[in-house]
Amino acid sequence: METVNTTARLTTLRSLMKENGVDIYGIIVPSEDSHASEYIAPCDGRRAFISGFTGSAGTAVVTQDKAALATDGRYFNQAGKQLDGNWHLLKTGLQDVPTWQDWTAEASAGGKTVGVDPSLISSPIAEKLDESIKKSGGAGLKAVSENLVDPVWGSDRPARSSNPVKLLIGKYSGKDTAAKLTELRKELEKKKAAAFVLSMLDEVAWLFNLRGSDITYNPVFYSYAIVTQDSATLYVDVSKLDDESRSYLDQNKVTIKPYDTLFEDAKALASAAEAKGTSEAPRKYFVSNKGSWALKLALGGDKFVEEVRSPVGDAKAVKNDTELEGMRQCHIRDGVALIQFFAWLEDQLVNKKAVLDEVAAADQLEALRSKQTDFVGLSFDTISSTGPNAAVIHYKPEPGACSIIDPEAIYLCDSGAQFLDGTTDVTRTLHFGTPTAEQKKAYTLVLKGNIALDTAIFPKGTTGYAIDCLARQFLWASSPFSTKQGLDYRHGTGHGVGSYLNVHEGPIGIGTRKQYAEVALAAGNVLSIEPGFYEDGSYGIRIENLAMVREVKTEHSFGDKPFLGFEHVTMVPYCRKLIDEALLTAEEREWLNQSNKEIREKMAGRFDGDQLTQAWLERETQPF
């Protein structure tokens, strides 16, 4: 991981901050684009450019004399290596470490003004930060419409994609746009909303059954939409749409307008509402609570705007039967590629004594995946990590700067793919030599947590926040009556996953984030289950499956509530030599045996003639 000298960049940025018309003491540089995307296109990587830190999550704050970068536990190690001496690392979530918001407010004391590009920050965060700055003695938060990082970046800034947008046919989507619009309009009428303005790219893609490739690994395209009771307007670069997409949108009564006209139309909506001047409380324009501050300002602010959890996001998170079956099928094909890969990798390292680096291994896995039916591409950068690199939770191997895979060390592979019928995300941790007793114990405690959550049964209305501890319990203590381990991991246990959409999908998830306590899990949700353990500088372990939430039959029905459970769809065995059978209960061994039996059955006939892979699969799935 390379450290970038940011001195010249910061000097230029600070100069721009002092210019007439701007005149700010500090500036916030978020990770997101104008659509609050977690993963962004290269042209939107402003925070990475100005700080040198390339992780996917983080916020930079630059003042005239200081600079800070805040990120979460997944990236502490990486940020520590990439940030140069100009930067102070704020380790989010650690005791006595201020949030970036508190750090900014404190730095603004004495009547100072802090600026931000309003299109890159959500209005709830912006408004709360403005209050905090003023309470700390600062002048407040200023919307700076011209992004100040862009001129620092200059001609080196990548151009925005002009990739085509394609229709996702009903065979894969399971529901047409007209039906989705009808359901959305019912929700809007129920809540007396005048319109819903969509700004999240995956929500627009899902609603209109379109897919693009403007952001690497995410099949989305730059777009907005406005839906009222009588109209639906898609704002997109019209030249990207082919005849099939245009015809489909026309059939579903969708108007197409240029992407850049959204804010003009938003201001027109605000003007129309102002002119209406009714004595009754006006129906408001609904926007996502992740929507940008710029969008809210354009729509007239609090007078005409209500920020809500997106009804489109909620609907998208509950997959229909076609999407669920697609998830099952694409995970079988994905499992074929992964099993072939692990068998190949072991043969190369152990039998052929080959020298392979982490990138070469990741490239081989991608090549195997690409042979599977309906493969589109990867769903994120493959984390191919050996030894101490596996302790870096979101490690990214770089060509020419990565490690040689050590067969006597832990190897962690977190990878996923986009298929026309679904999205995959799976992590397996392996050892090709002789693991230590400590490594086997850690792996088995993580596995026990994975099994505990996979087999959990819970009443409808339960949140991911409430069941997070099931996956961590064995790291905390092996059992209630034995050794208190005192171990844990610094990431969520699970995230929602899209259907041929973003690999990280809200609003549901499993973990300690506040949002996971606000949204109940529902039948049709698809989530990851991925507990882990990381020994910095030594090794890392993570075991990740994707699972669907489904109704389960129970002997009783307390309070007439249905009960829910999980159906895992990942079809890849666990690393047998890392499992300490002495730590497993009889029930856990039986669960493993049933899981291995299912994998063998679903892989039957898929490796004909490939004796190496078949032998590896049979060995790894032998009964305990």
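Every residue, even glycine, has its Cβ placed from backbone N, Cα and C.
Among the candidates E408, E438, E544, the one that Swiss-Prot lists alongside D425, E530 as binding Mn(2+) 1 is E544. Mn(2+) 2 binds D425, E544 as Swiss-Prot records it, and from the list D414, D536 the residue named for this site is D414.
Reduced to three states, the DSSP call for D414 (Mn(2+) 2 binding site) is strand. Taking the mean position of the Cβ atoms of D425, E530, E544 as the Mn(2+) 1 site, the remaining residues of that chain whose Cβ falls within 8 Å of it are D414, V426, T427, G494, S528, I529, R542, N545, L546. Cα-Cα distance from E544 (Mn(2+) 2 binding site) to E530 (Mn(2+) 1 binding site): 4 Å (rounded to the nearest whole number).
Sitting within 8 Å of the Cβ centre of D414, D425, E544, and not among those site residues for Mn(2+) 2, are the Cβ atoms of S415, G416, V426, T427, S528, E530, R542. A distance of 10 Å separates the Cα atom of E530 (Mn(2+) 1 binding site) from that of D425 (Mn(2+) 2 binding site). The Cβ of D414 (Mn(2+) 2 binding site) has 24 neighbouring Cβ atoms from other residues within 10 Å, across all protein chains displayed.
Annotation for the binding-site residues E530, E544: lowest Cβ count within 10 Å of the residue's own Cβ, E544. Counting Cβ atoms from all protein chains shown, D425 (Mn(2+) 2 binding site) has 24 others lying within 10 Å of its own Cβ.
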